[in-house]
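Remarks on the structure that follows.
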Amino acid sequence: MTVEDVVVDTIVYAGVAIAFVVTLYPFLFVLSMSISDPVAVARREVFLLPKGFSLAAYRTVLSDPVVIRSYYNTLWYTAVGTALNLVFTVMAAYPLSKRNFSARGVLMFLIVFTMFFSGGLIPLFVLVVKLGLYGTRWAIVIPPLIATFNLIICRTFFQTLPEDLFESARIEGAGEWRIVWKIVLPLSKPIVAVLVLFYGIAHWNSFFPALLYLPKADLQPIQIYLRRVLIQASPEAVQQFETGEAGEGIMAMVQIKFAVMIVAMLPILLLYPSCRSTSSRAC
C-alpha cells in the first residue's frame, strides 16, 4: 500500500468511528439513564455509563396498564398496517412495472404528482371524518396505505425481473395472481424486507395521525404516551427535585421518560437487523 492509500484509509476509518460514536452515544446515554440510580440521574451525574443500578423505572412503566394498552395498540397498528401496506404496494407496483400496460405512464404521473402536491391537512381530516374512520383504528392504517416512494422502488425492482419467467408461466396456464404468488414474491425477498422495514418503522414512530384521529385514549399508541411523559417530565420538575422540594414522584418521573424511550424503541432495534439480514441472504 502506498502512503496515499494509508492516509485515505485512516481518514475513512476515523470518519466511520466518529459516525459510530455519534450514533451510538444517544442510545447508550438513554439506556444508562434508565437503569442508573435515580439520585444520580436527578443530579445529572450520568454521562455515558450507568451510575449505580435500578430497575424501578421499568417496573413502574411495565406495571402501568396504560403503557400495556398503548403498547398493544402500537403493535396492532404496526402489524396490521405493514401487512396492508405490503399487499397494496405489491398489487399496485406489479401492473405498473409492465411495459405493455397502456395506462402506466398516466397513472405514474398522477402517483408521483402526489409527492409534490397534496390537498393539505384539513381536506384529509374532512375525508377521514366523511369516511367514518375518525375515532377508529382504521384511521391510522388506511390513509397511509401506499407510500409513493415505496411504490416507486418496488415497481423499479419488479422491472428488473426477467420477463421470460412470466411468459413461461403464462404458457403453462398460470394466471397473474399465481405468477405474483409463485414467482414474483419469492424473487422479491430483498424489496419485501425493505418495505417491511420502511413501513414498520413509519407505523411504530407515528404519533401525529393519532393526535388528529384518535380522541379516545384506549386507542392511542405508545408514542402518544411517550410524548405525554416527556412533556410532564419538564426541566422545572427536575430542578425542583434537585433543590429538595419534591419527593419520590419527581425522581421517578425524571427516570421514567428514559425507560419509556427504551421500551418504545426496543422492537425497532430488534426488527432492523433481522430485516437487513433477510435482505442480504435473499440477495
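First residue shown is number 1, and so on along the chain.
Each Cβ is built from the backbone N, Cα and C atoms, and glycine gets one as well.
Note that TrEMBL annotation is computational and uncurated.
The annotation domain 'ABC transmembrane type-1' is assigned in TrEMBL to 71-272.
The transmembrane segment annotation in TrEMBL covers 12-34 (among others).
Under the heading transmembrane segment, TrEMBL lists 46-62 (among others).
Among the features that TrEMBL reports, transmembrane segment is placed at 74-94 (among others).
Here the transmembrane segment (106-126) has Cβ contacts under 8 Å with residues 96, 143, 148-149, 151-152, 155, 212-213 of the same chain, all six or more residues outside its ends. Here TrEMBL flags 106-126 (among others) as transmembrane segment.
Remote same-chain partners of the transmembrane segment (138-158), defined as residues 6 or more beyond its termini with a Cβ less than 8 Å from a stretch Cβ, comprise 77, 80-81, 84-85, 88-90, 92-94, 96-97, 108, 111-112, 114-115, 124, 128, 131, 184, 188, 190-191, 194-195, 198-199, 202-203, 206, 209-210, 213-214, 221. The transmembrane segment feature in TrEMBL is assigned to 138-158 (among others).
Taken from TrEMBL, the feature transmembrane segment applies to 179-202 (among others).
Summarising the annotation, TrEMBL assigns transmembrane segment to 250-272 (among others).
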Q) Taking residues 6+ outside the transmembrane segment (12-34), which of them lie with a CB under 8 Å of any CB in it? A) 41, 46-51, 57-58, 255, 258-259, 261-262, 265
